[in-house]
Structures are given as structure tokens and as C-alpha cells.
Amino acid sequence: MYKQSWELLGNGQHADLTVAYINARIIDPESKLDIRGSLLTKGDKIIDFGPDLFANGIPSTIDEVIDCNNNILLPGLIDIHVHFREPGQEHKETINTGSKSAAAGGITTVVCQPNTIPTISSVITAKYIKMRALESAYVNIEFYASITKSDNSLSDMALLKEVGAVGFTDDGMPVMNALTMRQALSYSSMLDTVIAQHAEDLNISNNGCINEGIISYELGLKGIPDISESIIVNRDIALMKNIKNVHYHILHVSSQESLHIIKQAKSQGLKVTCEVTPHHFTLTERDIMTHGSLAKMNPPLRTENDRLSMIEGLKSGIIDCIATDHAPHDINAKELPLDTAAFGIVGLETMLPISLELYHNGTMPLIDLLATLTYKPADIIKVPRGRIKKDYVADLIILDLDHEWVVDISKFASKSKNSPFHNRKVKGKVLRTIVSGKTTYKAEIII
């Protein structure tokens with residue numbers, strides 16, 4: 001059992017307030033730092049840290065002292081793939097409820113996808129997102145803007161970047177037109193920003209609902225072949241080869257074949273990155289039999305070989321980061337037959353404990369796993385976060401690495417509860433989330 005509390009981020013910590021974090025195991029994945037020590041913040045910045053920071057005692061001028069009780073103090077997590085449904089589908093999620101869920105999961109920065117209603121393809125909608133974030137968020141809100149407008153012409157990418165877009169995607173749908181994609185890649189290279197693709201050939205997926213394979217055959221359902229993903233990955237990488245300084249990112253990669261193509265592109269020196277969701281390296285198509293529509297997402301859960309390939313991709317570095325594809329849906333959209341239920345699951349409050357299974361079962365070193373959740377996603381979107389460094393923004397979390405608990409969707413801060421991980425026993429609990437020096441979430445474990 002645990003008691004949770006939240007506080008809105010607003011403008012972050014008061015500029016002159018100093019906070020000392022003591023008795024911490026400080027981990028910074030980028031520098032491979034893993035020490036016992038203390039850390040000092042002032043306002044929204046990290047001032048200093050180290051094993052001997054308060055060797056002569058804590059100065060009386062410190063405004064607040066937080067005892068980490070030998071738990072881990074690490075950079076706040078960064079999730080570059082969330083759907084907060086605002087504007088247009090606020091009955092499923094809002095920036096307020098989604099960011100509240102993120103804070104509970106130790107995520108201090110999220111990137112909202114642009115498939116809202118209307119899409120983030122205009123400056124007006126982009127400014128609305130920024131306004132709502134300032135009014136109602138618990139964490140940092142970034143956003144991708146749309147590659148295309150409703151008429152399939154390119155968005156004004158330069159203008160949208162100017163008002164804050166950290167990249168461009170049509171996520172939820174692929175950019176099917178190869179010429180449009182080539183133009184988008186070309187323009188993005190001039191803007192020094194990332195193009196992120198939902199890799200799916202709609203002609204091949206053909207309105208399928210789960211992975212094409214033994215389970216789809218058993219259930220008599222139309223399947224989505226894995227080649228529907230890899231064929232778009234292959235096409236887009238071919239398109240980018242003659243464009244200088246272009247960065248292409250594949251969202252929620254799910255197939256072994258896609259990883260083979262990505263590995264080859266990286267070996268050729270192309271700037272190709274990709275992400276994987278926790279559900280794609282934890283579950284398979286067989287989980288459909290247990291969880292039904294709660295295990296329906298796009299791309300679909302695939303085979304055990306694909307799942308193991310995702311883990312190998314994380315271990316080898318072919319996969320750059322973990323992202324949730326947090327896709328909230330109300331109960332009416334999910335409690336339907338598999339062929340008509342909505343795609344997607346929520347994931348913000350389970351991302352860290354599910355990912356930590358790879359550490360607890362001996363698959364990945366802790367510091368390598370945490371890299372995929374902190375500075376690596378930060379670098380994809382070019383934001384100066386995800387690190388513990390002097391003068392860096394104080395986005396931090398305190399993690400009880402070994403605390404065991406059971407996922408309970410009724411306790412989720414998200415408006416929606418569509419998760420296949422309900423009742424799963426996990427290990428690793430976020431005790432405090434600090435954004436710009438300000439505590440926005442606390443969990444008090446009640447024994």
C-alpha cells in the first residue's frame with residue numbers, strides 16, 4: 001500500500017529555494033556514475049553532487065533536506081511517445097490527467113503525438129498545447145507536430161518548429177506517399193529536427209486487428225503481417241540515403257525484420273533511431289488469448305521470436321530507447337470484439353517497473369537499461385535533459401529499486417485504465433518525482 005500526492009508544476013521551483021538530497025545512491029546513465037552521496041539543487045538547477053558534498057555537515061542555509069534513505073536518485077525519465085487526447089477527446093485523457101500519470105511513473109518529460117482533434121498541424125493548436133501545459137501539467141510537455149495537414153500537403157514545418165515542435169510525425173497513421181515522405185525528410189534536414197514514422201503499409205495491413213499468425217488463424221481474425229512494418233522502414237531508409245544531415249526515427253518498432261534493416265542502416269552511418277514499447281518486449285500475440293482487447297495495439301503484439309529480438313535490440317543498442325505509446329481509451333472503446341475494439345494501452349505508470357524486469361531477471365545491466373529511459377530519448381528530440389550534471393535542470397526521481405508491488409489500474413492517475421498489466425507483480429517503485437527542482441509527485445509506502 002502507498003499514499004500518493006501531486007502538485008502542479010507551474011513555473012517550477014522558486015528560484016532561490018535550495019534543496020539537499022542526502023543518503024542517495026546517485027546514478028547518471030550517461031557518465032556511468034553510480035555513487036553513494038548527496039545532491040544539491042537551487043531553484044530549477046542542479047548545483048553540485050558527490051560523496052563528500054556535505055562532509056562537514058548540511059549548511060543551515062539549506063531550505064529543505066530530503067532523505068533518500070539509500071534509494072536511487074537518478075534523472076527523470078523521458079517518454080517520447082504519448083497520446084494525451086487533448087484537444088478533442090478529453091473524455092479519454094487530458095494534459096492534466098496524462099501528466100499526473102506520468103509524474104506517478106517517474107516520467108518528467110513527455111512528447112505528445114499530434115493526432116489530436118484538430119491535429120497539431122497549425123500554430124494555433126501548437127500554442128493551445130503549450131498554454132494547457134502551463135495551466136495544468138505536472139511534468140514537462142513537449143510535442144511533435146504533424147508532417148501533413150488534412151489535405152495531405154506538408155505542414156509549415158519551419159513555423160511549427162519555431163513555436164516549439166521537437167519533431168514531426170503523423171503517428172496513428174503512416175506517411176504512405178513516398179514523395180511526401182521524401183519532401184518531409186528533406187525539409188527536416190534543413191531544420192535539424194527529427195522525422196518520426198509510424199511504420200505501417202496500410203495496403204498490406206488491410207484493416208487487420210492482431211498479428212498475422214497462429215493466433216489470428218485460430219480466432220478467425222484478419223491479421224497484420226510483420227512485413228507491413230518492415231517494408232515502410234526499408235522504403236524510408238532508402239529515401240533518406242541521399243539527403244544530408246537527416247534524422248529518421250521509427251516509432252514503436254515491433255518486428256525482427258525491421259531491426260535487421262535498422263541495424264544495417266546504422267552500420268552504413270545513417271542517422272536512424274528507433275524506440276520500443278514495454279509491451280512489445282514483454283508480451284506476445286498469445287497474450288491476446290488472456291487479455292483480449294486489452295492486448296490489442298498497433299503495431300500488434302507479435303511472436304516470441306519478435307519479442308526476444310526487441311530485447312536483443314535493447315541490449316545491443318540497435319534500439320535506442322523505450323517509449324510507452326501511452327494510448328488511453330474509455331471502457332466503451334475497449335469492451336468490444338477484437339476486430340472492432342480500439343487499438344492501444346496506457347503505459348505511463350507501468351513503463352519503469354515493466355522495464356526493470358530486464359534488470360531484475362539479469363538480462364540488462366541497470367545503468368544500460370536506465371540510459372534507454374533518460375538521456376538517449378532526450379538526445380533524439382534534442383532537449384537538454386536526462387542527465388545529472390552541474391547547472392543542468394533538476395529533473396530527478398527517487399526510486400526504491402527493490403520494492404515489490406502489484407499493478408492496480410484503479411489507482412492509475414490516468415483517466416483511462418486500459419492495461420493488460422493489471423494484477424502483475426512488479427518490482428521498483430517511484431517514491432518522488434522532481435521537475436525543474438519542484439516535487440510534483442510523492443508516494444509514501446504504508447507497511
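Residue numbers in this text run from 1 along the chain shown.
For all residues, glycine too, the Cβ spot is worked out from N, Cα and C.
Going by what Swiss-Prot states, the Zn(2+) 1 site holds HIS81, HIS83, ASP171, and the candidate of ASP287, ASP306, ASP320, ASP325 recorded there is ASP325. Binding of substrate is attributed by Swiss-Prot to HIS83, PHE84, ARG85, ASN115, HIS329, PHE343, GLY344, and the same site annotation extends, among ASN56, ASN152, ASN298, to ASN298. Zn(2+) 2 is bound by ASP171, HIS198 in Swiss-Prot, and the record lists one more residue there from HIS252, HIS260, which is HIS252. Shown in sequence order, GLU93, CYS112, GLN113, ASN115, GLY172, ASP325, HIS326, ALA327, PRO328, GLY344 are the residues of the chain, 6+ apart in sequence, with a C-beta less than 8 angstroms from the C-beta of HIS83 (Zn(2+) 1 binding site). Its Cβ placed at the centre, HIS198 (Zn(2+) 2 binding site) has 21 other Cβ atoms within 10 Å. Looking at ASP171, ASP325, the binding-site residues in this record, the fewest other C-beta atoms within 10 angstroms of the C-beta turn up around ASP171. Cα spacing between ASN298 (substrate binding site) and HIS252 (Zn(2+) 2 binding site): 9 Å, rounded to the nearest whole number. The 10 Å shell around the Cβ of PHE84 (substrate binding site) contains 31 further Cβ atoms across the protein chains shown. Sequence-distant contacts of HIS252 (Zn(2+) 2 binding site), defined by Cβ-Cβ distance under 8 angstroms and a gap of at least six in the same chain, are HIS81, HIS198, GLU275, VAL276, THR277, HIS280, PRO299, ALA323, ASP325. PHE343 (substrate binding site) sits 13 Å from ASP171 (Zn(2+) 1 binding site), taking the C-alpha atoms as the reference points.
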